[in-house]
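Presented below is the structure to which this report refers.
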Ligand code: ADP
Ligand code: MG
Ligand code: MG
């Protein structure tokens, strides 16, 4: 089958294939906003890998099989309020955003507990567990687990289709095309949303999608809206936190209305980063949503459970085992945990030893703050420098073993321009979960995503401009 190197070696064929890809992407809504004017009318094809990346089948299936075990483990973690508060306390002392989220969590406890007591807590989870293959041990290790604003479910569905089309154009046989795993994250996510809205049960109930003003990744979001309407007849209102603060009305019965419409589900594609809360109004909106009786994706508890600090704590002996649904689940999940260390007690001998090792070997580690959205981590010399500075501020970070994926040749296409490079790929597996009280309505694996970045780039992140959307070709 056509390899990236072979395609890149023939400039005429390459140009044709790039044009095919760009046209297909435009024809099928595989788009991102240009970031100028109104993104709804100024779009460009999403950053793409021209061909799917070879990926070991067994590893891919391992990641998919873990989806339900992660669903139940995270649900158990999010339900343990004392655990969340205890583990996040030191980080919150040094990180205002984490402190504020915890404050919202505490301030809404009475409402939450009252609702839990009558079995009416409503939550939808759209998780994305991200992995990279660690070449030295040939094992798949988790980069992070996203519990809020897990993005690209729709565009990843489209990229897989585009790759099938392009390989077909290159003459791939049906047997070769069978190596492209089928998935439909778009419909899977939308069906979970539809199930939540249906269970809420109020005629005319809408989904509110909480968005950032000027979002460039709007098409990935708009696809959810369109499909939610087509498959489930549910309307979506796109609102910023500031707009929710201005328009939201919380009734004494816990019902939230926006512009007079009953809200059945609040789905956050914003609210995960401090800049989403420029004033008290945005925090007030977050509290309003947390206190209403609609389905939330996610609750504040889920957002906290997705903190890097929690992932690091789960990696400690016995902790995954405590929250996994069964010993078999624990065993399944345990193998994905990379080495991770907390930095709240720098005087501790084990911590001091790993910090010294990281300062001497910074390329074997990543230093991560309690942030989401890409572009926040420290690598290499900057990592060593930050560790050398020391100080209590480090409690807001975790130190993580650097995962070393095998480099692969790929052609990345941005704004119609192709560039061949050595690249590294990150696999994401979506899962959905709908629960009311103790009733789990849905727990499902929900498709996948591959993002590929230049091997010379430390960070990934398509939206952040480092990576391209890709899909796996199972080998
Ligand atoms: P965010 O929530 O901001 O996406 P991540 O933990 O996913 O945070 O880190 C961002 C990117 O940094 C990842 O997509 C990956 O490319 C890189 N990265 C994070 N952790 C590691 C690690 N342990 N080893 C190698 N690269 C990592
Ligand atoms: Mg993240
Ligand atoms: Mg990430």
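Cβ from N, Cα, C; glycine included.
Automatic prediction, not curation, is the source of TrEMBL annotations.
For the Mg(2+) site, TrEMBL records 144, 146, and the single candidate of 321, 344, 372 listed with them is 372.
Listed binding-site residues: 144, 272, 402, 462. Those with a CB atom under 6 Å from ligand 1: 144, 402. Less than 6 Å separates the Cβ from ligand 2 in the case of 146, 372, drawn from the binding-site residues 128, 146, 149, 372, 379 in sequence order.
For the pair formed by residue 453 (ATP binding site) and residue 270 (substrate binding site), distance between Cα atoms is given as 24 Å, rounded to the nearest Å.
A gap of 5 Å separates the Cα atoms of residue 128 (substrate binding site) and residue 146 (Mg(2+) binding site). Taking the Cα of residue 146 (Mg(2+) binding site) as the reference point, the closest of the binding-site residues 221, 272, 402 is 272. With a CB cut-off of under 6 A applied against ligand 3, the binding-site residues 128, 144, 221, 270, 372, 379 are reduced to 144.
Considering only the binding-site residues 144, 149, 151, 221, 272, the residue whose Cα is spatially closest to the Cα of residue 402 (ATP binding site) is 144.
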